[in-house]
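**Student:** Sending over a structure as C-alpha cells; questions will come in a sec.
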Protein chains: 2
Amino acid sequence: MGSVLNVIKIGGNVIDDETQLQDFLEKFAALQGKKILVHGGGKVATRVANGLGIEAKMIDGRRVTDAAMLDIVTMVYAGLTNKKVVSLLQRFGCDALGLSGADGNTIKAVKRPVREIDYGYVGDILVDSVNSLSVKKFLEAGYTPVFSAITHNGIGQLLNTNADTIASALAVSLSKIYDTSLIYCFEKNGVLRDVTDEHSVIPTIKANEFDELKAAGVIYEGMIPKLENAFHAIGKGVKNVYIGHALNLHMYQQGGFGTCLLAK
Amino acid sequence: MGSVLNVIKIGGNVIDDETQLQDFLEKFAALQGKKILVHGGGKVATRVANGLGIEAKMIDGRRVTDAAMLDIVTMVYAGLTNKKVVSLLQRFGCDALGLSGADGNTIKAVKRPVREIDYGYVGDILVDSVNSLSVKKFLEAGYTPVFSAITHNGIGQLLNTNADTIASALAVSLSKIYDTSLIYCFEKNGVLRDVTDEHSVIPTIKANEFDELKAAGVIYEGMIPKLENAFHAIGKGVKNVYIGHALNLHMYQQGGFGTCLLAK
C-alpha cells in the first residue's frame, strides 16, 4: 500500500458562514499528507436563482435540475464557492487546485435515466466514474484537489451531482492507490448515542455493530443513509470513515475526532 | 530551447455564440502540441448582474469591480464559462483543465492601487505574477490549461483581471521554458491594410515596420494597443504573436492564419 490519503467532505452550512469557513479551511490546510476536499453547495445557489427569477423545480418533493438551474449551480458551486475556497486555502499555505469533474476528466457521470421522474441534468456516479490516474497526477505533483459537485458526461454536458457521493466515489477509487480515509464533516460532534447530547459521541462503530445500533433505535433516521454509504465505501476498500464536526477537524490527526467507522 | 507551446486567447464574442464557440473549440482541440487557452468574459456576466439588480459601476467611463460584481464575474468567468469550455474540449478529445489564477497558485496579481479612481477588485499583473513552474507541471502531465480571467492576491482575495494581459503574461513567462507563440483570436482576419476589406490582411509585421505603419495611418486606432502589447511580449522572449480570426484557427499550423508579428 502506498502513502496515506484523506478525502474530506464539507457541507453547505459551513460554506455559508464566512467565519466558520475560514476556521475550517485553516484546519484543513494544516492537515499533514495528501488530501482532497469535496464541498457541497450552500444556500447561495438558491439565492442567485431567486434573484434571477428562476424557481427551484420540484417533482414529488424532489429537486429537479433544469437547464437554467444547471447554469446556476455551475456558476455558484464550480465558480464562486470553489474559487473562494481555493484562494483561502492558498492563503493558508495549501496549494489547492479547484476542479469540476470535467477538469482533467476527473469524474465522468451519466445523466440520470428518466423513469417516473425526469431529474434533468443530474449526474449519477458509476463504478468507473472516477479517473483515479488523473487525480493521482495532481496529488503526486503536490496539489490539493478541491472538488465542487459538478461533473460531466464526457461529451460536453455538465451535470449536477451529490457531493457526498462524489467524496465516497473518490475515496473508493483512490483506495486502490493510497491508504485512504474518508471524513464527513458536518454540524454534529459525531454519531451520537443521544441525539440531544453532543457529548454522547460513539467513538467507533464496527460494521457488525451498526445493525445492532440500528435495531436498538440508537442511530436516528437521518444518519442511517450516511452510515450505510460509509460502510459501503469501507466494503469497497476505504480504510475507515470518520464522521465529525467540521470545526473539530484539527483533532483528526491527533485523535478524538468524531466517530470512526471500521470494517471490524 | 524546449518544445513548442501555443498560448491562445479567445474573446467574448465567440464565447457568447454557442455555434461559434463549438466550432472554435473543435479547432483548438485539434492543434498539435502543448497549448494553453485564455478566455475572456462575454456578455453573460452583464446579463446575470442585471438580473440580480446589480448595476455596472462606472467612474469616468471606466468599469469598476465592486464586491458584488467580483462575485458575479467569478461565478460566470471561472464557473459557467470556464466549465462549459472545459467540458466541450473534453468532448473534442482535449484533456482540458480549467484554472483561475488561484488554482495551483498559477497567477498572483496585485489589487490595483487607488489613485484618482478606485477600480475595486481589479488585479494588475506584475513581472513575477505567473508561476511558470506550476503551469509547466500541468503541461508536462498532459493537460491543456484553460484560464479564466480571475486571479488572486495570494492571501485570500480573488481579483478580476484583463484576459489579454493574462495571455501575454503567460506567454512571456513560459517563453523561458518553451518555444512560445501567442495567438490573439478575434473577429477579423488579421491586421488589415484596409479596415473595410477582410481580404487585405497584412501577413507579417516586423517590429521596425510597426512604427512606419502607425505613422502612415494604416493601423487603425483600436489595434494600436493590441499590437503594442504584442511587440512588448516579443521583446520579452515570446517567439512571435499571431492575430487572426477565431474561426480560422485550423489554418494556424498549416500556414495562412492572420497576421504574424515578428521581432525582425
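Numbers here mean position along the shown chain, with the first residue as 1.
Just so you know, glycine gets a Cβ as well, placed from its N, Cα and C.
From TrEMBL, for reference:
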{"type": "BINDING", "residues": "A:Gly41, A:Gly42, A:Arg63, A:Asn160", "note": "substrate binding site"}
{"type": "DOMAIN", "residues": "A:6-244", "note": "domain 'Aspartate/glutamate/uridylate kinase'"}
{"type": "SITE", "residues": "A:Lys9", "note": "site 'Transition state stabilizer'"}
{"type": "SITE", "residues": "A:Lys226", "note": "site 'Transition state stabilizer'"}
**Student:** Average pLDDT across the domain 'Aspartate/glutamate/uridylate kinase' (A:6-244)?
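**Tutor:** Its mean pLDDT is 94.
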**Student:** Can you name every residue in this chain, apart from A:Gly41, A:Gly42, A:Arg63, A:Asn160, with its Cβ inside 8 Å of the center of the Cβ atoms of the recorded substrate site?
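**Tutor:** For the substrate site the neighbour list reads A:Gly12, A:Gly40, A:Ala45, A:Thr46, A:Val73, A:Tyr77, A:Ala149.
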**Student:** Would you count the other CB atoms within 10 A of the CB of A:Gly42 (substrate binding site), including those on all shown protein chains?
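**Tutor:** The answer is 21.
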**Student:** Mind checking which of A:Lys9, A:Arg63, A:Lys226 has the fewest other CB atoms within 10 A of its CB? They're the recorded positions.
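**Tutor:** Checked A:Lys9, A:Arg63, A:Lys226; of these recorded positions, fewest Cβ neighbours within 10 Å: A:Arg63.
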**Student:** Can you tell me how spread out the substrate site is, meaning the largest CA to CA distance among A:Gly41, A:Gly42, A:Arg63, A:Asn160, in Å?
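**Tutor:** Output for substrate binders A:Gly41, A:Gly42, A:Arg63, A:Asn160: max Cα distance 15 Å.
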**Student:** I need the most crowded of these binding-site residues: A:Gly41, A:Asn160. Count other C-beta atoms within 10 angstroms of each C-beta and give me the top one.
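**Tutor:** Buried the deepest by this measure is A:Asn160.
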**Student:** Between the Cα atoms of A:Asn160 (substrate binding site) and A:Lys9 (site 'Transition state stabilizer'), find the distance and write it as a whole number of Å.
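**Tutor:** Computed Cα spacing between A:Asn160 (substrate binding site) and A:Lys9 (site 'Transition state stabilizer') is 16 Å.
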**Student:** According to DSSP, folded down to helix, strand and coil, what is A:Lys226 (site 'Transition state stabilizer')?
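**Tutor:** It is helical.
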**Student:** Distance between A:Arg63 (substrate binding site) and A:Lys9 (site 'Transition state stabilizer') at the Cα atoms, whole Å?
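**Tutor:** Cα-Cα distance, A:Arg63 (substrate binding site) to A:Lys9 (site 'Transition state stabilizer'): 21 Å.
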**Student:** Out of A:Lys9, A:Gly41, A:Gly42, the recorded positions in the record, which is closest to A:Lys226 (site 'Transition state stabilizer') when you go by Cα distance?
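**Tutor:** Looking at Cα distances from A:Lys226 (site 'Transition state stabilizer'), the smallest one goes to A:Lys9.
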